[in-house]
Amino acid sequence: MSEVITQEYTEDGKVLRRIRSFVRREGRLTKGQEAAMKECWPTMGIDYQPELLDWQQVFGNDNPVVLEIGFGMGASLVEMAKNAPEKNFLGIEVHSPGVGACLASAREAGVTNLRVMCHDAVEVFAHMIPDNSLHTLQLFFPDPWHKKRHHKRRIVQLEFAEMVRQKLIIGSGVFHMATDWENYAEHMVEVMNQAPGFANLATDGDYIPRPDERPLTKFEQRGHRLGHGVWDIKYQRTA
């Protein structure tokens, strides 16, 4: 896949059009990333195939599954997996050097509760993630597509929210988003408030303080020093 595709639907559920969400960015792997891919992929990598995953088979236990879309270089995902051995983590990233870097970090940290995929997240969701099975879905700092004419390319749209809803555990599953673009934060809230079957978990306004489980990234620390804001948003599946 060269790009992530989302679909726009008519009211009766027919596909109206398919929209690019973000373009896959291929790059050269460093020798270290390439070595990590070769060494760690057999135990931590999951190849795309159009059949549902069995979490017990994937992780060897029935611990709650946290899925992250677009983990970048994987530093915070590995840290989360290390800090929460009682949970299982699956990261999906289309940028292969990022996957290599994540595997190298995971190997160094000695985590065993992390699996990764290098594929289009929407396609993985459609064909591999069982309904009603995710404890948490994480979407941290997705491409904001800040130009207004590109807003339709943002991954958080109504059809994406519905796909997420189907995969989260009913009554407890949480969709956790974070962005450093205020306009995208507003867009996320607007979309999620329209999406059926979700409730905002914020107790004051639309946003929550950064939860302890989401590590502070270097990028975010720099943003704080420059006075930039970060917005965390959590919605729970209710129906």
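Cβ atoms here come from the backbone N, Cα and C positions, even for glycine.
According to Swiss-Prot, the S-adenosyl-L-methionine binding site annotation covers Glu68, Glu93, Asp120, Asp143, on the basis of sequence analysis.
The local packing around Asp143 (S-adenosyl-L-methionine binding site), expressed as other Cβ atoms within 10 Å of its Cβ over all shown chains, amounts to 17. Annotation comment: Swiss-Prot describes Asp143 as active site, evidence class similarity to another entry.
What Swiss-Prot lists as substrate binding site is Lys147, Asp180, Thr217, Lys218, Phe219, Glu220. Taking a C-beta cut-off of under 8 angstroms and a sequence separation of 6 or more, Lys218 (substrate binding site) has the following same-chain neighbours: Ala75. Secondary structure at Lys218 (substrate binding site), as computed by DSSP, is helix.
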Integer Cα-Cα distance in angstrom, Glu220 (substrate binding site) to Asp143 (S-adenosyl-L-methionine binding site): 15
Asp180 (substrate binding site) and Asp143 (S-adenosyl-L-methionine binding site), Cα-Cα, nearest whole angstrom: 10
From binding-site residues Glu68, Glu93, Asp120, the one whose Cα lies nearest Thr217 (substrate binding site): Glu68
Spatial separation of Glu93 (S-adenosyl-L-methionine binding site) from Phe219 (substrate binding site) - C-alpha basis, Å: 18
Pairwise C-alpha maximum, in angstrom, for the residues (Lys147, Asp180, Thr217, Lys218, Phe219, Glu220) that bind substrate according to the record: 25
